[in-house]
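What TrEMBL records for this protein:
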DOMAIN    18-122  domain 'Dihydrodipicolinate reductase N-terminal'
BINDING   Gly24, Ala25, Arg26, Gly27, Lys28, Val29, Asp50, Gly92, Thr93, Thr94, Ala119, Pro120, Asn121, Phe122  NAD(+) binding site
DOMAIN    125-261  domain 'Dihydrodipicolinate reductase C-terminal'
ACT_SITE  His149  active site, proton donor/acceptor
BINDING   His150, Gly159, Thr160  (S)-2,3,4,5-tetrahydrodipicolinate binding site
ACT_SITE  Lys153  active site, proton donor
Amino acid sequence: MAPACQNRPVSESTRASIKVGVIGARGKVGAEVCRGVEEADGLELVAQVDIGDDLGALEAAGTQVAVDFTHPDAVLANLEHCIAHGIHAVVGTTGFDEEKLEAVRRLLDAAPGVGVLVAPNFSIGALLMMRFAELAAPHFESVEIMEMHHPDKADAPSGTSRRTAQLVAAARRAAGLGPVPDATASGLEGARGADVDGIRVHSQRVRGLVAHQEVLLGAPGETLTIRHDSLDRVSFVPGVLAGVRAVADHPGLTVGLEHYLGL
Ligand SMILES: NC(=O)C1=CN([C@@H]2O[C@H](COP(=O)(O)OP(=O)(O)OC[C@H]3O[C@@H](n4cnc5c(N)ncnc54)[C@H](OP(=O)(O)O)[C@@H]3O)[C@@H](O)[C@H]2O)C=CC1
Ligand SMILES: O=C(O)C1=N[C@H](C(=O)O)C[C@H](O)C1
């Protein structure tokens, strides 16, 4: 059970700043988030933690909301710490499968009132790209996803492409569509990408890229391409700040920033 004194509803303190701690603060996205929090009205950056630092710095600084942009192997332990100390969490770190999400739900069962937002992508353009793909999915026989990232990325396929594939697959199922057509019977292993919920996902890692995704849909005589490009990591910051401001009003686990924005 989280200590009640630390499980402060942020909405009660709207006139005071929300105290924010960033985990992964020296990383590519974490550093942008720190800058964004420092410049934002109503937010105060009270803790910056990175690998090797004591997470206890979060509660020592009075952190109300922690933001995590670390590594898929590290994020669950960070969340365990935050939840145990009544700290709400906004999580951008990827690598969440259903088993990991269930582990977060179990941690939250012991800490009523604590909110955790896990969002595979915080950029508004990427959220819309996923929504547009979901809307288009029932109307096309074929669909494949290409995701393109910088080569220092820890995971493949990306969290965004996994989520897009799941949304598209659910939309196809709801519309009564069968499997996507593919007559491939033999060939080089990997040539057809990864199978995520029946949807093919292709991952490219190329120096110079940041984060990009195309959803290619096809029907007889036409194709539709839905593409999003994050050209700079500042694209993630407004969504993170929106998550920080809203997370305390959403106890329990929320997957996807779109649920806070009503998209
Ligand atoms: N949801 C979204 O919108 C987005 C999500 N991401 C995801 O965010 C994550 C981070 O991405 P990115 O910033 O590019 O990665 P970086 O490697 O640049 O940054 C991660 C930082 O976290 C540190 N770190 C690793 N483990 C721990 C730990 N246990 N405790 C504290 N700090 C730790 C790293 O240290 P060290 O380098 O020494 O290992 C590094 O400084 C990835 O999972 C990525 O996919 C990225 C962009 C947008
Ligand atoms: O590692 C990255 O860079 C990114 N990770 C997220 C993902 O895996 O989808 C979001 C964005 O694509 C950038």
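Each residue, glycine too, has its Cβ placed from N, Cα and C.
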Handout entry: Sequence-distant neighbours of Gly159 ((S)-2,3,4,5-tetrahydrodipicolinate binding site) in its chain (C-beta under 8 A, six or more apart)
Key = Thr94, Gly95, Phe96, Pro120, Asn121
Practice task
Give the subset of the binding-site residues Gly24, Arg26, Asp50 lying near ligand 2, defined as CB under 6 A from any of its atoms.
Solution key: none
Exercise for the section: Measure from the Cα of Thr160 ((S)-2,3,4,5-tetrahydrodipicolinate binding site) to the Cα of every one of the recorded positions Arg26, Lys28, Ala119, His149, Lys153, then give the nearest. Expected result: Ala119
Exercise for the section: Pop the Cα-Cα gap between Arg26 (NAD(+) binding site) and His150 ((S)-2,3,4,5-tetrahydrodipicolinate binding site) into the table, whole Å please. Expected result: 18
Exercise for the section: Please go through the recorded positions Thr93, His149, His150, Thr160 one by one and keep those whose C-beta falls under 6 A from any atom of ligand 1; give the result in sequence order. Expected result: Thr93
Completion exercise
The largest Cα to Cα distance in Å among the residues Gly24, Ala25, Arg26, Gly27, Lys28, Val29, Asp50, Gly92, Thr93, Thr94, Ala119, Pro120, Asn121, Phe122, listed in the record as binding NAD(+), is 21
Practice task
List the same-chain residues at least 6 positions away in sequence whose Cβ sits under 8 Å from the Cβ of His149 (active site, proton donor/acceptor), in sequence order, or say none.
Solution key: Ser158, Ser203, Gln204, Arg205, Val206, Leu209, Val210, Ala211, His212
